[in-house]
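Trainee: Encoded as structure tokens, here's the structure I'll be asking about.
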């Protein structure tokens with residue numbers, strides 16, 4: 001099997017992946033700020049790094065996967081105040097909702113899922129170390145800021161220089177900062193802050209800045225120098241750039257070896273975002289499409305490419321997934337273990353080892369499905385299920401998927417017992433040689449999204465289309 005190569009944002013190139021410790025991978029991914037339901041952009045991040053950790057494990061690595069939860073933040077505080085509820089009540093509720101969405105999408109839970117509020121002492125310890133090392137200062141407004149000009153390599157991840165940033169970036173004016181580009185490490189508490197929004201420190205009551213949270217959690221849980229850090233493309237700057245400045249400023253050593261970023265979700269060629277009002281929650285999508293269809297929709301696009309969201313693309317994903325399940329419908333896979341020397345497995349592995357190239361991996365699944373359709377071979381059917389399983393797909397009994405179709409998208413459609421009753425009426429019509437009535441029932445069911453397949457021996461199977 002070829003070596004795994006991943007695109008490292010820091011190097012701006014694909015690189016052979018070499019872990020710091022042979023056979024072990026330590027990976028941190030920036031998770032979700034929990035003040036609302038997860039949207040399609042969150043779904044993409046969750047699925048992408050679920051695929052990454054699944055593949056790392058599949059090729060033999062022992063993985064420690066950390067994905068954090070941001071449970072203290074200005075948006076969280078505002079939403080809690082608007083709702084008239086405590087911060088903990090709000091965040092607990094949306095963490096539960098996030099876990100429900102993850103389960104629906106087949107996301108395997110990370111090995112460690114830290115909440116930011118559990119690591120306040122570690123954040124303060126890192127801030128104090130930065131202050132001791134000359135990178136941090138307390139401003140006249142009480143905030144503690146990071147002095148970006150003190151960090152010689154600031155901009156190495158994003159490729160942005162300080163001069164370019166000062167000339168071209170919109171930076172909120174703050175007379176208390178030594179430099180407009182300096183960012184906050186510790187925010188001084190405000191009189192109107194609700195309970196649970198601030199902690200005691202040598203700098204006064206306050207709460208951590210967004211960037212220090214991930215630096216402290218990553219270094220505490222995975223060590224000061226680890227293998228992979230992931231997140232959405234929108235986090236590359238300033239969040240991940242600032243994480244590097246903080247972590248390396250505090251420890252004096254390299255923070256992360258490989259940086260991975262998934263691309264944006266787009267609607268009509270614009271980034272999906274709340275500010276543009278063109279975003280959809282995972283729950284809204286799952287009202288109309290089966291969760292595995294949504295997962296497949298995400299999987300079949302390369303993780304670094306833009307993902308174009310539309311009903312047309314989801315409908316196509318549903319039709320494509322139906323083709324894969326249909327190939328398995330009447331074949332009982334054998335029970336052998338996956339053999340990486342098998343030709344289809346080799347091609348699948350080559351694709352995944354080429355920067356998690358899921359479009360090529362999925363194309364291999366369709367070639368394999370075509371062979372299963374042609375030969376009805378139990379070994380090929382087993383390979384199809386096993387390889388798809390590494391992507392979190394084809395885990396259901398084929399008839400269950402085909403008859404359930406788009407899941408809740410069929411709310412209000414014919415129920416299974418109604419379909420069976422009409423099939424029975426069609427059988428009776430055929431037995432009475434009333435073929436016109438039998439054809440009418442078939443056409444009526446097809447109009448309702450139900451396709452019939454007459455089998456040898458007189459039985460009839462059905463599936464939703």
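Note that Cβ sites are derived from N, Cα and C of the backbone, with glycine treated the same way.
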Trainee: Looking at the ranges 10-20, 21-31, 32-42, which is given as motif ''HIGH' region' in Swiss-Prot?
Mentor: 32-42
Trainee: Looking at 266-270, 271-275, 276-280, which one does Swiss-Prot call motif ''KMSKS' region'?
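Mentor: Checking Swiss-Prot against the ranges 266-270, 271-275, 276-280, the motif ''KMSKS' region' one is 271-275.
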Trainee: Just to be sure I understand, if DSSP states are collapsed into helix, strand and coil, how many residues of the motif ''KMSKS' region' (271-275) fall in each?
Mentor: 0 helix, 1 strand, 4 coil
Trainee: Please list, in sequence order, every residue of the chain apart from 30, 214, 239, 243 whose Cβ lies within 8 Å of the Cβ centroid of the Zn(2+) site.
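Mentor: Those within range, site residues removed, are 210, 211, 213, 215, 218, 229, 231, 235, 240, 242.
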Trainee: How big is the gap, in Å, between the Cα of residue 30 (Zn(2+) binding site) and that of residue 274 (ATP binding site), rounded to a whole number?
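Mentor: Computed Cα spacing between residue 30 (Zn(2+) binding site) and residue 274 (ATP binding site) is 19 Å.
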Trainee: If one measures from the C-alpha of residue 239 (Zn(2+) binding site) to the C-alpha of residue 274 (ATP binding site), what distance in angstrom results, rounded to a whole number?
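Mentor: A Cα-Cα distance of 19 Å.
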Trainee: Under a criterion of Cβ-Cβ distance under 8 Å and sequence separation of at least 6, what residues of the same chain contact residue 214 (Zn(2+) binding site)?
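Mentor: Spatial neighbours, sequence-distant, of residue 214 (Zn(2+) binding site): 28, 30, 68, 239, 243.
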